[in-house]
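Student: Residues annotated as transmembrane segment in TrEMBL: 45-66, 78-98, 118-137, 149-174, 195-215, 221-247. Annotation source TrEMBL lists domain 'Cytochrome b561' at 45-248.
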Amino acid sequence: MVLCQAKTDKVSWVLYSIKSWGSAFSPPQIIMTQSSDSDTHIYHALRTVSGAAAHLATFTFTVYMICVSQPGSTLFSWHPFLMTLAFSFLMTEAILVFSPDSSLLRSFSRKAKGRAHWTLQLLAVLCALLGLGIIYANKVLLAKPHFSTWHGLFGALTVLWSVLQSFGGVSLLYPKLVQRWTLATRKLYHATAGLLGYLLGCSSLFLGMFSIWFTTTVTGLSWYVCALCPILTGLVVMNQVSNAYLYRKRSQS
């Protein structure tokens, strides 16, 4: 009887110890959860602020380029205007339309956002093709070599990539055209290829700021502010797309 009582006391002591340890470790777990929630709120707030900064940067930069290039004054003047409109304004807004933190159409349905996305992207591709055609014609008139600079090479590659990317978007509008991959896989590929194309566009805009025309037209602090715009929007869009598609894909696997 004494032995049984001793065993019972030991079991009770072990159970009491486990319960005490659990109570001791519960507060840190609660604190960690609260800290994690706080970090999440801060992260979303930073994403919202960065998205607003991207909207402001792309709009301000486009308006500034309209004032600087004065489209219509010469044949060449249409090139910087159309390329800025395509890759700085239209394409940025087309991508951010799906952002849960930065979309200007946040209250719209997914279907409405999709229509806004492909409409803006279509306009961006048309402006890019027209801008490429104008600079090509201008060089022919001036008897200058084509694609002789990094800006020209990146620009041609970006326009070509945008056209090819548009065909990928068509496969999402009409899923029955391509049945080799699932719709979710095609969306992931489309987002990844679209991000690459957008970064190419930002690089092309940045390289264009080292051209003779731009460096003689925009000088001083204005040049550095303009150079910052494609860098800022590129980083914001890269973060938004990675968080919305790539990170979500990893978390589901």
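Here, residue 1 is simply the first one shown, and the rest follow in order.
Using the three backbone atoms N, Cα and C, a Cβ is placed for every residue, glycine included.
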Student: Go through 78-98, 149-174, 221-247 and flag the stretch with the largest number of C-beta pairs under 8 Å relative to the transmembrane segment (195-215).
Tutor: 149-174
Student: Any idea what the model's mean pLDDT is for the domain 'Cytochrome b561' (45-248)?
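Tutor: Averaging the confidence scores along the domain 'Cytochrome b561' (45-248) gives 91.
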